[in-house]
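As recorded in TrEMBL, the features of this protein are as follows:
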ACT_SITE  27  active site, proton donor
ACT_SITE  29  active site, proton donor
BINDING   27, 29, 252  Mg(2+) binding site
BINDING   227  substrate binding site
């Protein structure tokens, strides 16, 4: 097993590292920010990479926000960016449904477990849907629901797909609807299968924790459209036309970000220690992935390199 190269504090190695790549694919949660807290030095680091002619693309598994909402968040946090630089799992899922799955009437609706970000991206691709943030699904299940779901009278006959993302209002009613659609042959998709979600310097149930009850009750695995799915890598490459050998994936999770970069045969992967995975995780015998490089925090590659240039 190769040992990742530690770059923090090594100005010459950082300079060499940056020179190796033209494109940096950057995860957001745990790399750029935690919740609404931007990690120190990140803005300057992104500016520095761009000043050296590097392209930055933000690749996130968080499906609760659309690209437009992400742009608002970036702007509000003082991070200059463009909507075309943002590639989220809600967008990836919408592209997959509209351009690859190509559901046809009368079974072309999507039942959504998730937040407004998914709905906005589905609308942008003209994909009809139900569920999601509809208040009708944000309640306790009743005996009438059990009857109507069991006999199918409450189900929409046009639903041909169930899409599961992070849902802050997950409940038994939504899971029951989704299960009935899946039992009747609907395609099972997940924006991503992250087990946890970093927020406010802590960890909370992720989108994978929403789809797990359905995986358990149906015995099916969803097609996952976020990292490390190579469907997402192919979609990003199709949009940006980059050279994989000259591209580096930067992330905090071995099982999504680093695995994504390795399986996508990118030129390099950089792990940061401000999120989920830590050094002991890739040193373990059963490590899911091992990064090529690592730093304590993203700003280490900007601050030291800039100091070196002065």
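Each residue, glycine too, has its Cβ placed from N, Cα and C.
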Judged by other C-beta atoms within 10 Å of its C-beta, the most isolated of the recorded positions 27, 29, 252 is 29
Can you count the other CB atoms that lie within 10 A of the CB of the residue listed as 'substrate binding site'? 30
Integer Cα-Cα distance in angstrom, residue 252 (Mg(2+) binding site) to residue 29 (active site, proton donor): 8
Remaining residues near the recorded Mg(2+) site, that is with C-beta within 8 Å of the centroid of the site residues 27, 29, 252: 28, 30, 31, 32, 60, 198, 251, 253, 257, 272, 275, 276
